[in-house]
Amino acid sequence: MSQHFLDTEGPGWVERGIISPAQLQQLRALYPEQPRAIGLLPILGSVLVGLSALSVVAANWQDLPEVLRLGLLIGALVGAYAGSEYFLAGGHRGLGVGLASLGLLLFGASIVLTSQLYQLVGYDVTGLLAWVVAGVALTYVYQSRTLLLLTVFIGAMAQGYSVGSLSTYSYATALLTAGGLGYYWWRRPDGFCGAVLATGLLWQSALLIEHLHLKITWFFVPTMLVYAVGDWQPDRPAARTWQAPPLVAAFLFMLGLAMFGEAGSYTDRLRPQFVGFLGALLLVLLISVAGKRARGRLGSTTDWLLLLPGYYFPGGLPLAVAALVVLYAYSGSVLYRGFREQAPERVNLGTVLFVLTTMVAYFKLTWDFLNKSLFFLLGGLLLLGLSWYLRRQARTLPPTDQPPTSLP
Amino acid sequence: MVMLPLFSPVPERRRRWLLRLVAAQVLFVLLVAAAGYAVSHYGRTVALRTSPVDPRDLLRGDYVSLNYDISQVPRRLWRGEEEPRRRRPVYVQLQPTAAGYHRAVAVYPAAPAALPAGHVVLRGWIGNVWRQGLQLRYGLERYYVPENTGLGLQRQPLLVRISIAPWGQSRITGLEKLPADTAR
């Protein structure tokens, strides 16, 4: 509630006798005026001056003496952090954290430019690793989502460079992302940060699988481990966003199996060693189910339907059909849970998944057998029927602007 | 959890930690610079010959592209059990020649245990594999020079001096023009 709102509405409330003048004063004291934001113009002005200085330096970079170049880099680095501290002390948290982020970026730039200054070639990611360490530490020191997100990207880039250019996997970067940032998220759960961090962890996992030359299905072991962590997270809404990236990956994979599983030519490339792989996956399943039990969310165990290893069956139409059945079962379970928990966004998601699955099934199974016009006619009728059914279902739901009661 | 002000937003503690963090960052940048000097001080210097890069390939930015003789080596130098694979890290054994520069005599998948006297190992990566040879990448293919002076250097054979530190880093320490007739 803002001061301005109280100023305009408050006297009206007093007039109608809803609150007393003393209570209005109390309300005002409860929501003190925010420190006044810094005007946009001085900031824009400083940015322009900074940019002009930057372009002068960049244009003459190679001609400057080495010591001066090093001094400029370090000066800018220290200046950014000092500025951030100045604005934080003044109560401007946004600007302070922004400058700290700039400091972190300048640290990375300093490492790269200094190595270039001395024509130095490294054979490992020590420099980039130091950057990730700085990012994780700053995330804790500033307690900042911005810095967390920035560090996820720095970690992703460092790992990409390590695997792509140096042909080594930086386990330290992966551990810092998972342990350092993961622990921060665990203690300070947040929806958007969770989704980005989980995506970053999937990227780290994918690069590990690529580096170790494993079958791509192994990707789902670390991916579902990320998912299982969400099952233990007490903050349910944040956990749900955290689990979205692993589920999207699993759903897309199953969808791919439904679309192309028929070819069969590549299915043996998907088949990891039976006992080891299924053992690892079952272990993750146990961790996940234990978490769901502990937090009273056993209903969401149906998510694991997407992990049914259909690729051990021989390819061909039966595999595609089996994948479709699984996809239907999954979207059905999302719809069912949405209705039961009266979560409209879950119902919408389930509907989208249901339609997506139907489209794939339809293309898959009918394209070859049916006349084209009949194909579109049937498709249209199917979608109309579905929307009619869902609308009828929706009418039995209470309006969405009422607070959902049974939502945990 | 006492080590970091994990979740305590007390400004004094934050400031203290920030001070240490910034000091560590400045120190790290200075260490990178120090590594530059240390590599040329403690490293062993090898001289490598380059051949001119295609002159139609104009200067890119402010560096010279260097194409070393040891950037392409015959396949028979490969000493690995498995077939060479693209992007794999390799260790290239260099031997000094009477002409004053080094040439590659072997390419190993792992650091060789023992080397003849005078031989040096330079690390690199396999860029490409052909039936006859290997293309190697060393990370030393760019030499940064003041702007608009690079073009002349690229068109003639050069002798590039490289320092290789015992701990593995390497850097270009010097560049000189070779008389055209000593080139291939």
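Cβ atoms here come from the backbone N, Cα and C positions, even for glycine.
Taken from TrEMBL, the feature domain 'DUF2157' applies to A:13-147. Look at TrEMBL and you will find A:37-61, A:67-88, A:95-114, A:120-140, A:169-186, A:207-230, A:242-261, A:273-291, A:311-335, A:347-367, A:373-390 tagged as transmembrane segment.
Residues 100, 103-104, 107-108, 111-112, 114, 147-148, 150-151, 154-155, 157-158, 161-162, 166, 168, 170, 172-173, 176-177, 180-181, 184 of the same chain, all 6+ positions outside the transmembrane segment (A:120-140), place their C-beta atoms under 8 angstroms from a C-beta of that stretch.
The DSSP breakdown of the domain 'DUF2157' (A:13-147) into helical (H, G, I), extended (E, B) and coil residues amounts to 105 helix, 2 strand, 28 coil. Nonlocal intrachain contacts for the transmembrane segment (A:37-61), taken as residues 6+ away from its ends with a CB within less than 8 angstroms of a stretch CB, comprise 69, 72, 92, 95.
For the transmembrane segment (A:242-261), the residues of the chain that approach it from at least six positions outside its boundaries are 185, 189, 191, 194-195, 197-199, 202, 219-220, 223-224, 226-227, 229-231, 233, 267, 303, 306-307, 310-311, 315-316, 319-320, 323-324, 326-327, 330, 353, 356-357, 360-361, 363-364, judged by C-beta separation under 8 angstroms. For the transmembrane segment (A:169-186), the residues of the chain that approach it from at least six positions outside its boundaries are 124-125, 128-129, 132-133, 136, 139-140, 148, 151-152, 155-156, 158-159, 162-163, 193-194, 197, 200-201, 204, 207-208, 211-212, 229, 233, 242, judged by C-beta separation under 8 angstroms. Here the transmembrane segment (A:273-291) has long-range neighbours at 215, 217-218, 220-221, 224-225, 227-232, 298, 301, 304, 307, 309, 312, meaning same-chain residues at least 6 beyond its ends whose C-beta is under 8 angstroms from one of its own.
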